[in-house]
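As written in Swiss-Prot, here are the features:
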type: BINDING; residues: D36, S37, V38, Y39, D40, S85, L86, E116, R139, E176, K292, K316; note: NAD(+) binding site
type: ACT_SITE; residues: K118; note: active site, N6-AMP-lysine intermediate
type: BINDING; residues: C410, C413, C428, C433; note: Zn(2+) binding site
type: DOMAIN; residues: 596-674; note: domain 'BRCT'
Amino acid sequence: MTIATPEIQQRVQQLRQQLQKANYAYYVLDNPIMEDSVYDQLYRELQDLESQYPILITPDSPTQRVGDQPAAQFNSIRHNIPLYSLENAFNLQELQKWEERWQRYDQVSNSDYVCELKIDGSALALTYEDGILIRGVTRGDGITGEEITQNVRTIRSIPLKLTLENPPSRVEIRGEAFLPLNEFDRLNGERKQAGEPLFANPRNAAAGTLRQLDSKVVSERRLQFFAYTLHLPEDNSLSSQWESLEWLKKMGFLVNPNCQLCPTLEAVADYFRHWETARHDLPYMTDGVVVKINDYALQNQLGFTQKFPRWAIALKYPAEEAPTRVKEIIVNVGRTGAVTPMAIMEPVHLGGTIVQRATLHNSDRVSELDIRVGDTVIIRKAGEIIPEVLRVLPELRLPNSRPYQMPSHCPECGSTLVRPVGEAVTRCVNSSCPAILRGSVVHWASRDALDIRGLGEKIVSLLVENELITSIADLYQLTPEKVAALDRMGTKSAQKLINAIEGSKRQSWPRVLYGLGIRYVGNVTAKLLTDNFPSVEVLSQASVPTLASVYGVGEEIAQSVFDWFKIVENQTLIEQLKIAGLQLENIASQAVSLTPSSGNIAGKTFVLTGTLPTLKRNEAKALIEKAGGKVTGSISSKTDYLVVGEEAGSKLAKAQELGITQLSEADLLKFLTN
C-alpha cells in the first residue's frame, strides 16, 4: 500500500474543506463561490488522491456522497425520540380552539409562536457524532424507521460534516426531504419518454426516491432538505424553537427562509392567509403551516398526548385533491372552436370551494384515463379555475361501465368535428357555431378586453338565442328596446347595458386587439404588437417575419396573427368595428413601449403584491423575467423592488420596514423600457 506523505494528507484536507465550503455556499446559501469547472477540477483531484491512497478516505469526504454498490435492503432502526405526528387544524377557528386548549391545560395566558411552511415531502432523522453524519433514518411509523444513510449522503443540502469548530459529541437533526417542482417535472418527463409510470405528486416521488436501493439513482434525482429541529441529548442550553433554527443554520443546514416568529395568534393567521395564496409561487409543494410554541420550557410543561405534541399543530390548506364520482361526461365548445370534454361529478369540497365539474382536456387524455360514467376519480386543483381529473380508481369501477366515446359532431351546431394534424384538440370549424359566437362575445366583454359591465354569459346566451347578434360588431347595433324585450331585462337594465356597450368604444387599441380573440394573443402580446404596429391597418399588412421580429413575439404567434387577418369574415368584422367607432389605432397618450430593456432589470429581484391595473401577475412576471430579472414570492433583504397594486397585503408593510423601493405598474413599465 502506498504511504501518503504529510504533504498529500494536507492537500486532501485542503481539497475537502474547499469543496465543503463550495457545497454549503451553493446548496444552502444559494450564493455560489466557485465556478462549476473549478469545482469539477478540485473534485477530480480529490477523487484521484483518494483512489491512490484509500487509507485517506473518510465518511465526510465529498466523494463519498454516492455509494459504489446498491444496498441489498434497508435495516429497521428504532428512534431514540419518537417522530410524532401533528394534530391537524383545517381553519382558523380550529387553530383558536387549539390555543384555548393548551392555555387551559397549562393555565398560561400567552406565548409567541414559530410558523414554518409544512413541506410536502418525507421526514428524516439525521444523527451526527463529533460533527460527522453517521446515520439517516426515515420517519417510518414514528417509532421505527428505515436506515437510508447511503441515500441521505447524496442530498447536497445535507452536510456530511457540520460547519462548527466545536461540534457536539452527538446531535440529531430532523427535517423534510423533498423534490423541487422543476425536478419533479424533469423526472416525470424522463419517465414518460422511457414509457415508465409517472409519479402522482412530488411527495410520492421523494418517498420513492429515498427508498431506492441504488444511491446513484437517488443522486440523479436532486432531492433537497429543509432542517426544522435538533435534539442535543447532552446539552439543554437552547431555550426556544427560533434559537434552534438559528443553530441549524450555523451547523450548515438549509432552513426554510420563510419561517417566521409570530407574537400572537393573529400574526399566525396573517402568515397563514399570506401563504395560502403565495405558496403557488414557491419552487416546492407545501400543504399547510406548522405552528409551534416557541418557548422550550413551555413545550416541556405541555408535553404530549398519545399521538401528538400539545405544543404544535398543523394548520392545513383546503384540500386540493379529493375523490368523487363521475355522473356524466359532456363536451364544451369554446370561442376558438376547441371541444373540451368535461366530467360532471358529485359535489365535493376542494380548495375551499364546492366542485361539481372538472376538465378532461382532450380526447387523448380521455383515452389515457379510460374514464367512464360512474367511475370514482381523484380530482386536483392547484391554482386553476377549473379542476382536472388526476386519475381514475379502476378498482371501484362499476361492472357494467362502458368506455366513453368523444362525439364526431359538434353538440351545438351539428358540424363535423375535426382534429388538425399535430394538435391534441378536436375543433368545430363552423364560424357560425352559436358556441363559438357566445365565447367570442364573452371574451370581448371581459375585464381585460373591452370591460363591458353587465354583459355576462347569461345575457350573451339570450342575445344569441334570440338572433339579436351574429358577430361582435352587432353589439353596437343593439337598441334599448331590443334588449328590454329579452327575458328578465327591464327598461332600466337594458339602458344600462347599452350605455356600457357604448362606453366600450373608448377602450384602447391594445384592449381591442386582445378582445378580438386571436389565437395565442394574450393582453401582454397585444400590448407588444400595438406598440410596434400603431394601427389595425399597419398590423394587418405586416408579414410573418416582420411580426416575429417583435421582442416577445415568436413564429407561432406571428403566423396566427397573419392568418387571422387574411380571413374574409375577420376583415369584414374590422370594417364594421371601424364604422361603429372603436379605437383601432394608438392615441399618442396611450402608446407605451413594452420592449423590455435588460440594462435596468437584469439581476434584480422583484416581488409582486395586490391587483395591478392592466397586467395580470403572471404577465408582469413574464415581462420582468424576459428582461433578466427574478420574481420571488416573499419579501426579504435580497428584494430590490416591490411592485404594488390595489389591496396590497402584508408584503407592503414589510417592504416599508426594510426600506425596499416600491413601484406602481406604470413605474414598472417605464423601468422596463428606460
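Note that Cβ sites are derived from N, Cα and C of the backbone, with glycine treated the same way.
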Neighbour count, 10 Å Cβ-Cβ cut-off, for R139 (NAD(+) binding site): what number do you get? 21
Helix, strand and coil residues within the domain 'BRCT' (596-674) as assigned by DSSP: 32 helix, 17 strand, 30 coil
DSSP state at C413 (Zn(2+) binding site), helix/strand/coil: coil
Measure the Cβ-based neighbour count of C433 (Zn(2+) binding site), defined as the other Cβ atoms within 10 Å of its Cβ. 19
In the domain 'BRCT' (596-674), averaged pLDDT is 79
Nearest recorded site to K292 (NAD(+) binding site) by CA-CA distance, among recorded positions K118, C410, C413, C428: K118
By Cα-Cα distance, the member of recorded positions L86, K118, R139 nearest C433 (Zn(2+) binding site): K118
Which one is it: of the recorded positions L86, K118, R139, whose Cα lies the shortest distance from the Cα of C428 (Zn(2+) binding site)? K118
Return the single residue from the binding-site residues list (L86, C410, C413, C428) that has the minimum number of other CB atoms within 10 Å. C413
Could you give the Cα-Cα distance between C410 (Zn(2+) binding site) and K118 (active site, N6-AMP-lysine intermediate), in whole Å? 46
Distance check, please: Cα of C413 (Zn(2+) binding site) against Cα of L86 (NAD(+) binding site), rounded to an integer number of angstrom. 55
Taking the mean position of the Cβ atoms of C410, C413, C428, C433 as the Zn(2+) site, which residues outside that list, in the same chain, have a Cβ no more than 8 Å away, listed in sequence order? V333, G337, P411, E412, G414, S415, L417, V429, N430, P434, A435, I436
How far is it from the residue listed as 'active site, N6-AMP-lysine intermediate' to L86 (NAD(+) binding site), counting Cα to Cα, in Å? 11
Across every protein chain in view, the count of C-beta atoms other than its own within 10 A of the C-beta of the residue listed as 'active site, N6-AMP-lysine intermediate' is 23
